[in-house]
Amino acid sequence: MVNAGDMNGSGNLMDFLDEPFPDVGTYEDFHTIDWLREKSRDTDRHRKITSRSKESVWEFIKSLLDAWSGWVVMLLIGLLAGTLAGVIDLAVDWMTDLKEGVCLSAFWYSHEQCCWTSNETTFDDRDKCPQWQKWSELLVSQSEGASAYILNYFLYILWALCFAFLAVSLVRVFAPYACGSGIPEIKTILSGFIIRGYLGKWTLLIKTVTLVLVVSSGLSLGKEGPLVHVACCCGNFFSSLFSKYSKNEGKRREVLSAAAAAGVSVAFGAPIGGVLFSLEEVSYYFPLKTLWRSFFAALVAAFTLRSINPFGNSRLVLFYVEYHTPWYMAELFPFILLGVFGGLWGTLFIRCNIAWCRRRKTTRLGKYPVLEVIVVTAVTAIIAYPNPYTRRSTSELISELFNDCGALESSQLCDYINDPNMTRPVDDIPDRPAGPGVYTAMWQLALALVFKIVVTIFTFGMKIPSGLFIPSMAVGAMAGRMVGIGVEQLAYHHHDWIVFRNWCRPGADCVTPGLYAMVGAAACLGGVTRMTVSLVVIMFELTGGLEYIVPLMAAAVTSKWVADAFGKEGIYEAHIHLNGYPFLDVKDEFTHRTLATDVMRPRRGEAPLSVLTQDSMTVEDVETLIKETDYNGFPVVVSRDSERLIGFAQRRELILAIKNARQRQDGVVSNSVVYFTEDPPELPPNSPHPLKLRRILNLSPFTVTDHTPMETVVDIFRKLGLRQCLVTRSGRLLGIITKKDVLRHMAQMANQDPESIMFN
């Protein structure tokens, strides 16, 4: 199928040049790469290095360096991604607390760090210490009362607005690509699309800085998705330092797949989950070699983050928990109910968010991104401050919801009525009746849940870095904790019911509400993203408990089934389609009975196909054809009469070849004949010097017959990553099918707007 010797990019590209001319084999912005050609070029490069390695010791050392360059790149990605994640975590911790107060002994300390260093902190009031002062204490020397509350409220909103305004301004001025989650675009880039600058150095810098600002502002978004984008920017940067990756877009995408794994590894402290996330959710082409390298990059990134220890608890994430009570079969029913809730929430969120984002793109709302961010931040801060569960950072909220109520917990959620005669180990506290604090926490959580559901719909997709993992987990964790407390109280007050009789005796520790929060978080995240395997692995790496895999699997599968019943697309695929990226999803099925002849161009009534002939066109004819059309390449035929196919020439390489020939070869003028054969055509005497372009001709373009089912054609495009495919009958050229034609046809068959595929 691919003749390596004849593929573009192998050997000398023009007879009159000793070396290939610059920029050949590269792609223009918003174009798709040719995977087959990239694979062939890498095979050629590897063959040359192997043959040269036998010539001298120096060449052998160079071949070893080339072989090890992949592992070096992974090491560098892991180190930088882990370091940036640690810095982001530390900065977010400090700036989130800055909205409420400041540490007098060292202003760069967060609230927790400030009180760690204090000698006057008691265990009961471990959040209070003289060194940490709220803004009202610092400015008006009052910590209680209406005036202190109003001043703290006002400054909370002011800080949030400052952070958000600074973030959106930096994104708008310096790096427009730093907005959003980044995962839809990374999926598209990994499928072979070129978006220049999306993984650039400016994007890396601005996304890192603004991610700290937006998370600290209290908006309903997370840093986990953007950390994948940050890690891929690191991968792109280090790829550019090694010619093996910088000159081959296919090899570069192998590095980016591994970088995505490192991003999830540091986001959740889940190296194995990161590798599976890259494999299941992000990557398009994932060979076994990339699996090993992803594992290594994720390991190095997690190790680096652990060395920084941003949370001071020797864990990689803020909400690491350990449970001590087993789960029981009867609890599978509420776990599955949480899965149903997660699927319904996922469907609701995707539909509402896509409708809002489409409105943003098609109305005047999209012209005022700064104003939109300011308004959403103001509304979020005003509503969030009065409720303690929305005032704190979302990661802290999830941490509290996941926690098991031990004897040392001071949270409202752990305000149970204790039996004064209880003499049990700390880790095995029996179920107890809920106290007033738990009931207060329940209605506050209910309000926080409604608020999170609504505000996240409007927040995701604004022109700032915004991740969806943490808000989705928070929605699920709140719903799960409330269900968990409900089941716990039901089991306590009605332990004689047949459901509880066998496993929940009086005085036993039967139900763990924190486990329900974790299951709910997994269900909601699965409902929105449609992840399954990687999601379960990430969640059990978070908890360190293999025992809870079955509840997590039950919830994840249920949420996917329920969400898939309303639509197959996850949030990332929905945003890919909204933005019109040319992404052929491997998960989509094409079941229509159409043929290649129904999709190919030219259609009946259209102008004939633009082609090059093998030896009868002049340089001027070729330049005119290039100028009058915007196609990415042209089939080469024997003659216009026979239409027998010879090969395919890329537009960009034709332009570069003619430009270089005019500059470097004497005698090439506008009426010079261009030929693609081995031997020059017979020309009349005194004719100008002909131009041979056989070396830029792909002699083995992929072809199908006009009666090939489109189901097969779609499969070929997916699995081989083709840019275009020529349609022939008995060796005679009939037409061409491009990736864009395939996407348009699929949209048409699904009763969608075929013109929504915007890019080439």
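One-based numbering along the chain as shown.
Every residue gets a Cβ built from N, Cα and C, even glycine.
Copied from TrEMBL, the annotated features are:
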type	residues	note
TRANSMEM	68-92	transmembrane segment
TRANSMEM	153-175	transmembrane segment
TRANSMEM	195-215	transmembrane segment
TRANSMEM	227-243	transmembrane segment
TRANSMEM	255-279	transmembrane segment
TRANSMEM	332-356	transmembrane segment
TRANSMEM	368-385	transmembrane segment
TRANSMEM	441-461	transmembrane segment
TRANSMEM	468-487	transmembrane segment
TRANSMEM	515-540	transmembrane segment
DOMAIN	600-664	domain 'CBS'
DOMAIN	697-755	domain 'CBS'
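With a cut-off of 8 Å on Cβ pairs spaced 6 or more residues apart, the transmembrane segment (255-279) and the transmembrane segment (515-540) reach 3 or more such pairs and are scored as touching. Averaged over the domain 'CBS' (600-664), the predicted model reaches a pLDDT of 88.
Residues of the domain 'CBS' (697-755) grouped by DSSP class, helix first, strand second and coil last, total 24 helix, 19 strand, 16 coil. Simply put, out of 68-92, 153-175, 332-356, 441-461, 332-356 has the most Cβ pairs sitting under 8 Å from the transmembrane segment (515-540). Packing against the transmembrane segment (468-487) from elsewhere in the chain are residues 181, 220-225, 267-268, 331, 334, 337-338, 341-342, 345-346, 349, 389, 394-395, 397-398, 401-402, 413, 434, 438, 442, 445-446, 448-449, 452-453, 456, 459-460, 511-525, 527-529, 571: each is 6 or more residues past its ends and has a CB under 8 Å from a CB in it.
With DSSP classes pooled into helix, strand and coil, the tally for the domain 'CBS' (600-664) is 24 helix, 17 strand, 24 coil. Residues 153, 156-157, 160-161, 164-165, 167-169, 172, 217-220, 360, 391, 451, 455, 458-459, 462-464 of the same chain, all 6+ positions outside the transmembrane segment (368-385), place their C-beta atoms under 8 angstroms from a C-beta of that stretch. Within its own chain, the transmembrane segment (227-243) is flanked in space by residues 69, 72-73, 76-77, 80-81, 84-85, 88, 181-183, 185-186, 189, 199-201, 203-204, 207-208, 211, 252, 255-256, 258-260, 262-264, 266-267, 282, 301, 465, 467, which lie at least six positions past its ends and keep a Cβ under 8 Å from the stretch. Taking Cβ pairs closer than 8 Å, the transmembrane segment (441-461) reaches residues 180-181, 219-221, 345, 348-349, 352-353, 356-357, 360, 376, 379-380, 383-384, 387-390, 397, 411-413, 415, 468, 471-472, 474-475, 478-479, 481-482, 485, 571, 575 in its own chain, all 6 or more past its ends. Away from its own ends, the transmembrane segment (332-356) comes close to residues 453, 456-458, 460-461, 472, 475-476, 479-480, 483-484, 487, 516, 519-520, 522-530, 550-551, 554-567, 569-571, 574-575, 578 of its chain (Cβ-Cβ under 8 Å, at least six residues beyond either end).
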